[in-house]
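Notes to accompany the following structure.
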Amino acid sequence: MTLKSVSEIHHQHTNVKYGKPYFAVLLAAFSSLGGWFFGYDQGVTGGIVVMNSFKNDFCVGIYGNASVCDLPVASLPSDYRRYLVLFTFLYNVGCFVGALFISSFIAERYGRRAIILTSAILFMIGTSMVIFPPGGSKKIMIFILIGRIIEGTGVGCSSFSCPLYASEIAPTNLRGMLSGFMQLTVVTGLFAANVVNYLLQNHKWGWRLSNGIILIAPIIIMIGICLCPETPRWLFKKKGRKAAENSLQRIRKTRDVTNELDAISDAIREEGNQVSTKELFTPKILERLAVGIGIHVFQQTTGINPIFTFGGIIYENVLGKGIISLLILSGANLLFTIPALFLFDRLGRRNLLIIGGLGMVVGHLVAATVFATGCKVVKTISNDTIVIEEVVTCKESSGIAMLVFTVIFVAFFALSWGPIAWIYVAEIYPLNVRAKAVAIATGSNWLIGMIMSYILELINPLGIHGVFYLFSGLTLLAVVFVYLFCPETRGVLLEDIEEVFDNFQLKNRPPIKVLRRLCVKGAQHLSNVLQQNETLMTLNLEFNLIDDQGALHLANALQKNKTLTTLYLQFNKISSEGAGHLAIALQQNQTLTTLDLRGNFLNSRAAQYIADTLLKNKTLVTLCLSHNQINSEGAMHLAAALKQNRVRFLIFQL
């Protein structure tokens, strides 16, 4: 074996032919139906809690006094207000459990179709437990809350499985649009829920009928998913190339799928087949896991779910028209999600997240300022702390302006963070850890959703405007996060996402430059000195940002330096390219005895470069390569080289 050019990039996957896309489009559209009951349930909650039928069952039926059930938020009976919070909070608990603990296990062991089926079954059971029991009893309220947990578990599984399935069956050039189908069905469901709420708001069974209509979706999914093919990537990993080929030919409607199968094969071989929880916490995957969690956390902290969940109550206070306001907001959400489907693969994920985030900041800021300057809140307080009555009065123009800028917030959310959070996170992980990593990231979304359920309790101390200012600040942080940590993935094969992250230079973000330590420029200066130095024996450069270009500079120094015996380069974002530079240098260097490359981005190709070097180098006795991405193929290269190496290694860590 000889060293290949270490600066070459994987262009062999760019000539993949995808056949006819219509069946993949149909599959993505069908799988996204899980988003419909996800969105419908989110939308229906905000409207039903202001319906008289809901109040009669859970407030008037308990307290026997209709007047206390129509008071502003801060003045509602504490037990009833707590029930409203738990009605949303426990739903999010179920979503968290489904996304994190159930979905990845089933998806990895039984396939992507199995978890979609599971989500539909759980949602149907939970929704039935919510809508069929009679009201008027606290025991029944507890039973309904248990149903909300099961209902949420189904939604959590759906939020994990639908974008994952779509991303794995979609052609690269359509992946953004097809993965975005889920968000389209989410907002369609949300809009449909508000239309139904509006039509049934005065019906004596209004809240039950509104909630029950959604049972149509899981029934359709349970029947239809059995007719859908499993994803080729999962089949290749679990059942081999032939099974994946059959599935891919069916999806692409062509028999010429060799190039795409080769790309999948390369990715699986590169990543390895064995998955353990420990593998999620290697430096490379941990960094990407933090990105996925961050995206989902910040999607929730934009305030989108509290606005739709409690917007009916808020705008009932501000405009006296809670259900109509929600109908307008959900209509804007649907309207702006449609063009978003065509922008993901044109403008890119990263650009839309930044632009959309800034638009949301403006929407929140202006809406909050309008409320603060155009509305009055009069509170009747007992014992200096307990609010026994609160009256909110707003000028009509202020109420309308607040709604308009909330619509602007929703529009920018629909164009960016709404769909892209699910798309981006489903495509940034290697196949061997994708299910677990997506589950953890999605679970974080629902974990924060549980916390955001308590926003209703913040309205009393902060005021409505204070809550909107809080959302604005958190959304600005989201924009900063994307700018610093999220590379563009538009038009990149899932099998080549690895390189995108490896080459994303955090140090090139201007705000970070002053916070980081040694990077490429510093390595270059250091290299110039080392080439002339005749005394230095140990050089420790761990936890810097040397990366591949810095490794090239150090490699140039190693070819000329005659004294250095120990070099520590742990956690420096060095990938196979940088390892190749160092390997070439070590074939000539006759003094270095210890090299530590732990915690970098080394893969099987890097292992091959190092193995080739071990056949020629006569001085290296300590080599540390742990906490990288070297799989069994890479280990075989190293083992073969060690058998022939003339120097007895004292320490070899892999």
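Using N, Cα and C of the backbone, Cβ positions are placed for all residues, glycine too.
Annotated features in TrEMBL:
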DOMAIN    27-490  domain 'Major facilitator superfamily (MFS) profile'
TRANSMEM  21-39  transmembrane segment
TRANSMEM  83-102  transmembrane segment
TRANSMEM  114-134  transmembrane segment
TRANSMEM  178-200  transmembrane segment
TRANSMEM  212-232  transmembrane segment
TRANSMEM  323-344  transmembrane segment
TRANSMEM  351-372  transmembrane segment
TRANSMEM  400-425  transmembrane segment
TRANSMEM  437-456  transmembrane segment
TRANSMEM  462-486  transmembrane segment
Point to revise | For the domain 'Major facilitator superfamily (MFS) profile' (27-490), mean pLDDT (0 to 100) | key: 82
Review point. Any residues 6+ beyond the ends of the transmembrane segment (114-134) with a Cβ under 8 Å from its own?
Key: 31, 34, 37, 41, 57, 94, 98, 102-103, 106-107, 140, 143-144, 146-158, 160-162, 165, 208, 211-212, 214-215, 217-219, 221-222, 225-226
Review point. So are the transmembrane segment (323-344) and the transmembrane segment (462-486) touching or not, going by 3+ C-beta pairs under 8 A with a sequence gap of 6 or more?
Key: no
Practice item. Please work out whether the transmembrane segment (178-200) lies in contact with the transmembrane segment (400-425), by counting C-beta pairs under 8 angstroms that are 6 or more apart in sequence and asking whether there are at least 3. Key: yes
Practice item. Could you give the residue numbers and ranges of same-chain residues that sit at least 6 residues beyond the transmembrane segment (400-425) on either side and whose C-beta is under 8 angstroms from one of its C-beta atoms? Key: 159, 162-163, 167, 175-176, 179-180, 182-184, 186-187, 292, 295-296, 298-299, 302, 304, 307, 311, 315, 318-319, 325, 328-329, 332-337, 339-341, 343-344, 349, 352-353, 355-360, 362-364, 366-367, 370-371, 374-375, 394, 438, 441-442, 445, 478, 486, 489
**Study point:** Winner by Cβ pairs under 8 Å against the transmembrane segment (83-102), considering only 212-232, 351-372, 437-456, 462-486
**Key:** 437-456
Point to revise | Chain residues in Cβ proximity to the transmembrane segment (212-232) (below 8 Å; excluding those fewer than six residues from its ends, i.e. six or more beyond) | key: 27, 30-31, 33-34, 36-37, 40-41, 44, 111-113, 116-117, 119-121, 123-124, 127-128, 131, 154, 165, 168-169, 189, 193, 196, 244-245, 247-248, 250-251, 260-261, 264
